[in-house]
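What TrEMBL says about this one:
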REGION    1-33  region 'Disordered'
COMPBIAS  12-30  compositional bias 'Polar residues'
DOMAIN    188-285  domain 'DNA/pantothenate metabolism flavoprotein C-terminal'
Amino acid sequence: MSLPQHIPQVHAASSSNQFSTESYFQTQRPPTGLDEKVNRVTAFSDKWRQVGKKVVLVTSGGTTVPLESNTVRFLDNFSAGTRGATSAEYFLKAGYAVIFLHRLHSLRPFSRHYSHSLNPFLDLLTITESTSPDGQPSVTVDKKYTATLIPILQAYHTARAQGTLLSIDFQTVNEYLWLLRAIAKPMSTLGRKGMFYLAAAVSDFFLPDDKVAEHKIQSNKGTLSLEMDQVPKVLRPLVQEWNPEGYIVSFKLETDQALLIPKSRAALSRYGHQLVIGNDLHKRKYEVVFVERKQQPIGGILAPRKGKGDQRLLGAETPPVAEIELDGEKMFKPVEEYSEKWLRLADVPRDGREGEIEIEEVIIQELVDRHEKWIAAAQ
Ligand code: PMT
């Protein structure tokens with residue numbers, strides 16, 4: 001029996017790697033333009049820190065995984081960036097300065113209301129023939145759309161005039177990881193006034209630099225088999241090293257609703273951050289669940305110091321601890337109890353309001369409160 005001769009493989013199955021966060025950043029090339037983006041974030045954070053404003057980093061959209069360095073093909077995921085773009089608007093409304101770290105060409109605050117599929121912009125406009133001597137027709141917004149457009153336009157102009165929205169884009173998972181790490185540093189000067197709202201759908205798998213085909217993979221060779229390596233979870237270093245004072249909110253996406261709460265609890269326990277917002281893929285636009293510890297430890301978790309046998313205490317309080325094994329390491333952590341709060345659009349009182357209510361409005365109201373308490377707890 002003859003075997004296929006030329007199956008293109010991006011890399012051999014036997015050579016897969018386990019990347020720690022450290023080894024990832026030691027081996028993977030930083031994206032071009034990183035410094036310029038980080039400088040913009042630094043200037044933005046400094047400006048708002050000086051006036052005591054709260055700053056939130058909203059991550060948004062999917063990440064791509066290129067299959068070739070001269071990229072023709074890439075793997076992607078479903079996220080359009082609706083959660084992130086919508087949330088950014090409500091954070092601005094709640095008085096935050098917003099760093100919007102988004103996937104290139106995904107939805108953006110304000111313009112999201114008029115994307116090419118939803119309310120196409122050209123449909124709003126009409127041409128009015130000129131009555132003036134120059135004979136030039138003018139373009140106006142059709143009257144039936146102005147009532148909806150005006151508040152959106154006003155909020156957009158306010159954010160522009162005040163400089164409260166900074167947009168930074170990424171495309172690949174590698175760009176996302178480098179940016180997140182680099183941005184966490186200038187944001188750490190904000191202390192507890194900084195919030196991380198990690199709504200991006202980050203790929204769990206990638207092709208390391210040394211295993212990516214340089215040129216377009218040829219299609220005339222049969223099948224294409226890929227073996228990808230695991231992207232290290234960056235939540236742990238974010239919480240424990242890069243920005244230990246920030247209020248950190250991660251999202252947990254599942255397609256099996258029964259997994260939402262156990263997986264969200266596991267993430268809290270594993271990474272030691274403040275809040276996980278669980279969402280089911282199919283119900284995410286009208287239902288989410290907040291999962292958090294019943295007592296927020298003022299500090300965090302007790303863990304072995306990297307590479308050394310001793311332990312360190314992150315934070316001031318020492319709640320009762322339990323010894324557990326995590327990723328092969330012995331860890332000490334608080335015995336935790338959790339609470340869950342479901343937010344459902346169906347339960348939101350309308351109070352005479354007309355029109356659609358978005359779940360992100362409800363999420364951000366809840367978060368502002370919790371973030372205030374987080375800030376106050378340190379004082
Ligand atoms: O954009 P939309 O269409 O509106 O969809 C919104 C959303 C469903 C994408 C969003 O609400 C959401 O759930 N985002 C997180 C999806 C996700 O990546 O879940 P996860 O279970 O794979 O990861 C959990 C958390 O770990 C995430 O907050 C992520 O930031 C973080 N993570 C992920 C990968 C990685 N290598 N390191 C990480 O720290």
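In case you wondered, yes, glycine gets a Cβ from its N, Cα and C as well.
Because TrEMBL annotations are produced automatically, they should be read as predictions rather than curated entries.
The domain 'DNA/pantothenate metabolism flavoprotein C-terminal' (188-285): residue composition by secondary structure is 33 helix, 26 strand, 39 coil, according to DSSP. When pLDDT values are averaged over the domain 'DNA/pantothenate metabolism flavoprotein C-terminal' (188-285), the model yields 95.
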